[in-house]
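What follows is one structure encoded as structure tokens, with my remarks underneath.
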């Protein structure tokens, strides 16, 4: 059973949570920190416990970074395919952590991997979400040259999610990198066009344009802040909200 946590009514019925692969590293320099997996599983379980349907996309940067190898001469398509496989590995690890917490979960891959994951099917994904399972979308869009941010926005639109929640290391979008610039100011709210015009680097151009064209709200928040994810889902004002003006 998913953990029962709050009597507050959720603001969102269905969300798409985007985690970076680097987030799974925790304090490690590479790979997956089991403690981080367990903490994330607990926070996701809190959402399931109040009836929120959760779709999940995880990057692969903790296991493989194709851009560096591409710059060194590796074929870009080959590198992107390797990156897709890294996201599948992260998805399997997250499914295991969720199931150990008695939270039902399903991994779907945009690349067919019979016997390892289910192949991505929109209608099947929505049936499992309606049944209370966490659905983990892996292997990006299945196409090279598309980021996992683009995959997250695409899947959110396909499954008719209410919002995309992008978990980062900082509590929102700033005028500059707050780790490098102490005078950086945080935005409470932005429009898609402001993100594009200011070149804020929240997500890649394709992802932002997808959200803008389909009017999909996007909230950027700090996943390392305890309770932030639950607070957003019940209507709290964590991070930065990006939506149509």
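Positions of Cβ are set from backbone N, Cα and C atoms, glycine also.
Residues annotated as ATP binding site in Swiss-Prot: 18, 19, 20, 21, 61, 65, 168, 174, 177. Around residue 20 (ATP binding site), taking its Cβ as the centre, 21 other Cβ atoms fall within 10 Å, counting all chains.
Residues or ranges marked as UMP binding site in Swiss-Prot (evidence: sequence analysis): 60, 80, 141, 142, 143, 144, 145, 146, 147, 148. Non-local contacts of residue 147 (UMP binding site) by the CB criterion (under 8 A, 6+ apart in sequence, same chain) comprise 140, 203, 204, 206, 207. DSSP classifies residue 147 (UMP binding site) as coil under the three-state reduction.
For residue 61 (ATP binding site), the same-chain residues lying six or more positions away in sequence with a CB closer than 8 A to its CB are 20, 21, 22, 86. Counting in whole angstrom, residue 18 (ATP binding site) lies 12 from residue 60 (UMP binding site) by their C-alpha atoms. Among the binding-site residues listed here, namely 60, 141, 143, 145, 60 has its C-alpha nearest to that of residue 168 (ATP binding site).
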